[in-house]
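Participant: Before we start, here is the structure in question, set down as structure tokens.
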Amino acid sequence: MRALLAEGAMALAVAPEANLSSGGAAGSPTGPLWWVSQCHGVWYSLAVMLPSLAFVGFLAWQARRSFRRLSYGRSHVVVVAYYALLWAVAVLNLLWCFLQAWQCMSDRAFSWNVLSLFTKSGMLFLEVSLIAFLLQGNDASGFESLARTFVISGAVVAADVLLKTIYVFGFGVPLFIDADQGTGGKWGLWILHKLVLTGVYGLIVFMHHSRWRDRLPAKPAYYNYVCAMLLLNGLSLLGCFLVASGAGFGLWLYNVTTVCYHSLYLPLLYVTFLADFFQEDMLLENVYYSEMKDAGFFDADWD
């Protein structure tokens, strides 16, 4: 993993210069803009790069307060592990977004497949663990209930990684090359993948509108999260079906959902499940300050 990160950083550093030396002039399509415009085009690249960079910047800006909140001793070890996993996945996703040109470079195919496998598996682990958390309903004891989902989530993701590894490195299926429409085997796997996720999110929405509604967590933000993921996976599933049927529009729709997933999913996850946990620290500080002020602790400052 460390070697992969180092290789990605080196590629970002030397790509523009290498391309300039091959005849491209600065400011031309073959100059520094080459790394952004290569493969999918400028707008696609910017759509995934800027939000992912902004989210990692936000995590870094909040890091001191978050670490202080996690070090209070009241935080469950699972919350700490989940926050660390969020950081790791966010960094991997940032690399994935900035190294899109690797998709169209034959000598980087292996590195791109490994990076995509790690990135998508990390995001899937977060997604599956949260699905399990939601399905536990009101029997879940807040963040501590995530501990009971880690083993199950790990098993699901391990099976998914094994299957994708066989497809990519065993059969040579371009599973992670979005610009390549590939064969029916590629889209058959993605259809199965999206169908399962869409079905699970659909089941949660159905439960919310049925007599089993009380078994789900009552927080409205959780329901909004599920609806957003149902829509995203449903559109992605439709795109996969269209591509498998030979419709060119399907690849465009699939790429749009890919952009939305890699640029917006991690911020959505943070806002829905973790923001309140870290916000509690600031609220407690305000309460303590108000109580101390009412007790006259700061009266001496005005003398």
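Numbering starts at 1 and runs along the chain as displayed.
Glycine is no exception: its Cβ is also placed from the backbone N, Cα and C atoms.
Per TrEMBL, the features are:
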TRANSMEM  42-61  transmembrane segment
TRANSMEM  82-102  transmembrane segment
TRANSMEM  114-135  transmembrane segment
TRANSMEM  147-167  transmembrane segment
TRANSMEM  187-209  transmembrane segment
TRANSMEM  221-245  transmembrane segment
TRANSMEM  251-275  transmembrane segment
Participant: Counting only pairs at least 6 apart in sequence, do the transmembrane segment (82-102) and the transmembrane segment (251-275) share 3+ Cβ pairs under 8 Å?
Facilitator: yes
Participant: Excluding the flanking five residues on each side, which residues at least 6 beyond the ends of the transmembrane segment (221-245) place their CB within less than 8 Å of a CB in that stretch?
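Facilitator: Result: 127, 130, 134, 181, 184, 187-188, 190-191, 194-195, 197-198, 201-202, 204-205, 208, 251-258, 260-261, 268-269, 271-273.
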Participant: Taking a Cβ cut-off under 8 Å, which residues six or more beyond the ends of the transmembrane segment (187-209) line up next to it in the same chain?
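Facilitator: Residues 127, 131, 134-135, 160, 163-164, 167, 173, 175, 215-216, 223, 226-227, 229-230, 233-234, 236-237, 240-241, 243-244.
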Participant: Need a quick answer: max count of Cβ pairs under 8 Å to the transmembrane segment (251-275), which of 42-61, 114-135, 147-167 is it?
Facilitator: 42-61
